[in-house]
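Undergrad: Structure provided below as structure tokens; questions to follow.
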2 protein chains.
Amino acid sequence: MSKIERDILLTEVALRDGSHAIAHQYTVEQVTRAAKALGEAGVPYIEVSHGDGLGGSTLQYGLSHTDEMKLIEAAVSASGDSKIAVLVLPGIGTVAEMKQAASLGVKMARVGTHVTEADVSAQHIQKAKELGLETVGFLMMSHMAPVEKLVEQAKRMESYGADAVYMFDSAGALLPDQVRERVRALRENVGVDIGFHGHNNLSLAMANTLAAIEEGAKRIDGSIRCLGAGAGNTQTEVLIAVLDHLGIRTGIDLYRIMDVAEEVIAPLLQVPQEITRDNLVLGYAGVYSSFLLHAKRASQRFGVDSRDILIELGRRNVVGGQEDMIVDVAAELAGLRQG
Amino acid sequence: MSKIERDILLTEVALRDGSHAIAHQYTVEQVTRAAKALGEAGVPYIEVSHGDGLGGSTLQYGLSHTDEMKLIEAAVSASGDSKIAVLVLPGIGTVAEMKQAASLGVKMARVGTHVTEADVSAQHIQKAKELGLETVGFLMMSHMAPVEKLVEQAKRMESYGADAVYMFDSAGALLPDQVRERVRALRENVGVDIGFHGHNNLSLAMANTLAAIEEGAKRIDGSIRCLGAGAGNTQTEVLIAVLDHLGIRTGIDLYRIMDVAEEVIAPLLQVPQEITRDNLVLGYAGVYSSFLLHAKRASQRFGVDSRDILIELGRRNVVGGQEDMIVDVAAELAGLRQG
């Protein structure tokens with residue numbers, strides 16, 4: 001793999017982010033087949049974990065069909081020259097689990113926090129480095145912080161030892177010019193590689209990815225056949241085709257990656273990866289997908305459109321864990337209407 | 001409707017371009033319900049015709065379930081303040097059919113030709129104007145002509161009397177910078193409104209639409225719930241959400257258009273509007289969708305990858321009607337391989 005010229009380092013996330021889209025039901029056979037095919041197509045990194053990362057298989061986040069360590073082991077042995085990455089969200093995934101993953105042959109840890117909470121990644125990033133893992137820091141829901149805050153948080157992750165820092169557009173809420181401004185600021189202020197991870201709720205995952213690359217992002221996440229949470233991510237095989245037209249090298253074989261999408265991944269889809277009303281509303285409001293069900297319940301209780309609730313939650317920058325705010329907002333909106 | 005401020009004039013094409021996606025099986029009931037709901041959402045123009053325009057219901061292009069004049073009549077009576085448009089492709093649709101459509105209450109004719117064949121639109125555009133119809137000229141497969149040629153052809157349509165000229169990215173082959181360059185050149189050289197119609201084969205319909213708007217395109221086509229040929233068009237309700245964030249006014253109610261997508265259009269979908277391998281290859285190669293089946297047949301006969309055939313056809317700018325070239329190209333590629 002060392003001889004392959006790559007302008008952009010792609011990480012395939014369908015075996016992690018896509019786990020959300022299939023209710024975490026991946027089997028060893030599916031992961032083996034997918035990792036082998038992705039390896040043969042020349043994908044440099046393949047992320048494998050529960051949708052919420054190591055340790056995510058819980059009643060709260062959804063139980064996995066198969067122990068993720070078994071899936072990781074299968075991916076490592078099948079993926080050839082491709083390296084296996086795991087997602088670790090401090091508070092969910094532990095250092096012990098990261099160690100176990102490393103012992104199974106994982107080569108990269110991706111440590112993610114909410115965009116304003118980089119602090120909590122310090123220990124995980126440092127331990128990952130000690131384990132000899134390539135280590136990436138993620139700032140999730142990055143649309144929720146102003147540019148200066150995003151930069152400051154990225155610098156913290158860099159200071160903990162991250163080899164690269166990604167901005168995640170977790171809600172698929174950013175517009176291309178916003179991505180452009182953010183990536184530019186990160187590039188100007190952070191020494192390590194900048195990465196971008198997009199979602200397609202506003203049909204802008206590809207546009208945002210191209211904007212990020214134009215501004216100097218060197219690492220990009222894609223989900224093959226768009227298999228990711230919500231409306232899916234930047235569709236890997238489509239991105240490879242577009243980058244090919246632009247003369248940007250990924251080291252990934254276009255025909256092979258198209259075939260993996262159609263022959264290996266498409267049969268796994270349980271629901272079409274389309275932009276439904278719910279996904280659109282989440283992207284438009286810029287809120288956590290976990291708010292949706294709560295907002296619909298509050299909508300029925302207070303007779304307020306769930307969209308009004310979600311948009312107001314987005315305006316107030318309500319974050320995960322503040323679900324009790326949803327009822328407050330709904331009640332307030334109902335009061336405003338009556339008032 | 002005269003009081004509504006609109007920065008962009010949207011034409012909804014799901015009842016025409018989307019006809020391809022459901023094998024031209026629209027019923028009077030479906031069109032009535034959709035046109036009514038689109039009208040209530042404030043969509044200014046709704047295109048209703050066979051996927052290949054007036055007169056398209058043939059063995060060659062696919063037989064319609066219902067006589068399109070019946071569908072047009074239903075749309076006119078249901079659509080409230082929205083105006084009904086029809087597509088006319090000279091060579092398929094006749095002036096007589098355009099007259100009949102006008103007598104049923106259609107207010108706009110959209111006359112389309114291949115990007116290098118604007119000449120053949122002269123009569124239809126002139127007759128449409130005589131009938132008192134707002135008249136739009138389309139240049140289809142616009143990626144196949146250099147910018148100067150595109151401009152020259154647009155000027156011809158303008159000279160025939162078109163009130164606006166659209167560039168169609170019929171194959172979903174253009175990249176945002178290419179759209180930008182083309183729309184800019186059109187704006188600089190053509191006096192009437194410029195329009196853009198995108199397809200999503202490279203996951204760039206939204207990006208290309210925003211690029212067109214930034215360069216001054218005033219008319220945009222969208223397909224609600226992405227119901228259009230191939231990978232679908234710019235998804236209308238998503239576009240309305242994005243433009244709302246950008247402060248660009250369409251006069252369309254966001255919640256209502258979301259609801260039409262989910263409640264009226266989604267149930268009509270026969271196949272998910274996803275980017276499949278076939279659609280991706282067509283966009284990447286920049287060729288007519290009608291070439292696909294021929295290329296697959298030639299692939300089997302000559303033992304050449306159908307993608308190699310399609311890409312070579314794209315390189316040679318082969319156009320519809322030259323399907324015999326497909327076998328020639330396949331044979332040549334097979335010879336090259338053996339040689």
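Every residue, even glycine, has its Cβ placed from backbone N, Cα and C.
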Undergrad: If I go by TrEMBL, which of B:Asp17, B:Asp52 binds Mn(2+) at the same site as B:His197, B:His199?
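TA: The record-listed residue among the candidates is B:Asp17.
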Undergrad: Pick from B:Ser57, B:Ser159, B:Ser170: which one does TrEMBL list with B:Arg16, B:Asp17, B:His197, B:Tyr288 for the same substrate site?
TA: B:Ser170
Undergrad: Same chain only, sequence gap of 6 or more: which residues have a CB within under 8 Å of the CB of B:Arg16 (substrate binding site)?
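TA: Set apart from B:Arg16 (substrate binding site) by at least 6 residues yet with Cβ under 8 Å, we have B:Glu47, B:Val48, B:Ser49, B:His50, B:Gly51, B:Gly53, B:Val86, B:Leu87.
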Undergrad: For B:Tyr288 (substrate binding site), list the number of other Cβ atoms lying within 10 Å of its Cβ atom.
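TA: A count of 24.
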Undergrad: List the Cα distance (Å, whole number) between B:His197 (substrate binding site) and B:His20 (active site, proton acceptor).
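TA: B:His197 (substrate binding site) and B:His20 (active site, proton acceptor) have their Cα atoms 16 Å apart.
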Undergrad: How many Å separate the Cα atoms of B:His20 (active site, proton acceptor) and B:Ser170 (substrate binding site)?
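TA: For B:His20 (active site, proton acceptor) versus B:Ser170 (substrate binding site), the Cα atoms are 13 Å apart.
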Undergrad: Kindly assign B:Tyr288 (substrate binding site) to one of the three DSSP-derived states: helix, strand or coil.
TA: coil
Undergrad: Cα-Cα, whole number of Å: B:Tyr288 (substrate binding site) versus B:His199 (Mn(2+) binding site)?
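TA: Cα-Cα, rounded: 12 Å.
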Undergrad: Near the Mn(2+) site, what residues other than B:Asp17, B:His197, B:His199 in the same chain have a C-beta no further than 8 Å from the centroid of the listed C-beta atoms?
TA: B:Val13, B:Phe168, B:Asp169, B:Ser170, B:Gly172, B:Gly198, B:Asp221, B:Ser223, B:Gly228, B:Ala229, B:Asn233, B:Thr234
Undergrad: What is the average pLDDT across the domain 'Pyruvate carboxyltransferase' (B:8-258)?
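TA: Its mean pLDDT is 97.
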